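Feature annotations, courtesy of Swiss-Prot:
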ACT_SITE  C142  active site, acyl-thioester intermediate
ACT_SITE  H235  active site, proton acceptor
ACT_SITE  E237  active site
BINDING   K163, S192, R249  substrate binding site
SITE      E111  site 'Important for acyl-CoA specificity'
SITE      S192  site 'Important for substrate specificity'
Amino acid sequence: MPIRIDKKLPAVEILRTENIFVMDDQRAAHQDIRPLKILILNLMPQKMVTETQLLRHLANTPLQLDIDFLYMESHRSKTTRSEHMETFYKTFPEVKDEYFDGMIITGAPVEHLPFEEVDYWEEFTQVLEWSKTHVYSTLHICWGAQAGLYLRYGVEKYQMDSKLSGIYPQDTLKEGHLLFRGFDDSYVSPHSRHTEISKEEILNKTNLEILSEGPQVGVSILASRDLREIYSFGHLEYDRDTLAKEYFRDCDAGLAPHIPENYFKDDDVNQTPCLCWSSSAALFFSNWVNYAVYQETPFDWRKIEDDASAYGYL
């Protein structure tokens, strides 16, 4: 949150170089504040679990957030009751005339399919195109990140030899970057995926900044310089037991999965899994809401031209 102090105070310039939001009396007197509108496109099969995970982190900010959930009409969920979807979710036609300060696009268990073979792909592409002029900052997670990069830049996804599953170290690459304010030089987070993207393609096909990476996970988080596009291939939102549930699910399905790395003590699946990423997750989501959304979006969306260039969209 911003702090209001005398603009002549010597500390002001130091704080500003550290990306701490400082305002003087004149700006504070004219500050327009409204609830921030956040849209969550939930593509995960266990809708209610993902809802809780994301809302837990979004609720950490003192800002008021108005949350809407979006689902793909062209896909019927097999694991969430239709009554839940009809009660708590909206369709794209119901939101397409609205403007949102931020949007989160979750992962989805469809990595094994070419993008174009996903049953809701056409509808998904419509949402992503619409977001250019109706959403200020979009946070893409896991498959949502891969799909976003493919649609916007033609970056492909590639099958890995085996599933990447576990808690992995990553280094922050841009000291002082707003999304990583409060982070140490390195952090850990869960990853759970069968596919990856090429760092070379990111460098050759996009002008995005790579913000974190690790030896096992490769590129982890990248973003546009204006923070309107953010791509995260990990799952900072995951609960302590999420990877465990995925592991036992795959065991029950006869898939013979590897034990998630750096997760169970001594690789003993009867032990309680470690939880060592919650502080990083809290920081990341708070930084996204504060720096990419709250401090950047206009008070009145209607004053923005209905054109991506009005936002400096990259």
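Glycine is treated like the rest: Cβ placed from N, Cα and C.
Note that the structure is predicted; figures quoted are calculated from it, not measured.
Listed in sequence order, the residues S165, L243, E246, Y247, D250, P257, P260 complete the 8 Å Cβ shell around the substrate site centroid, once K163, S192, R249 themselves are left out.
Using a 10 Å Cα-Cα cut-off around the residue listed as 'active site, acyl-thioester intermediate', the recorded positions K163, H235, E237 reduce to H235. Maximum intra-site Cα distance, substrate binding residues K163, S192, R249: 14 Å. Sequence-distant neighbours of H235 (active site, proton acceptor) (same chain, six or more apart, CB under 8 Å from its CB) are G107, I141, C142, S189, P190, H191, S192, T242, listed in sequence order. Here the CA atom of R249 (substrate binding site) lies 19 Å from the CA atom of E237 (active site). Between the CA atoms of R249 (substrate binding site) and E111 (site 'Important for acyl-CoA specificity') there is a gap of 17 Å. For E237 (active site), other Cβ atoms within 10 Å of its Cβ number 27. Shown are the binding-site residues K163, R249; of these, the residue with the fewest other Cβ atoms within 10 Å is R249. Remark: E111 (site 'Important for acyl-CoA specificity') has W143, Q146, K157, R193, H194, T195 as non-local neighbours, by Cβ distance under 8 Å and separation of at least 6 in sequence. Ranking the recorded positions C142, S192 by C-beta neighbours within 10 Å puts C142 at the top.
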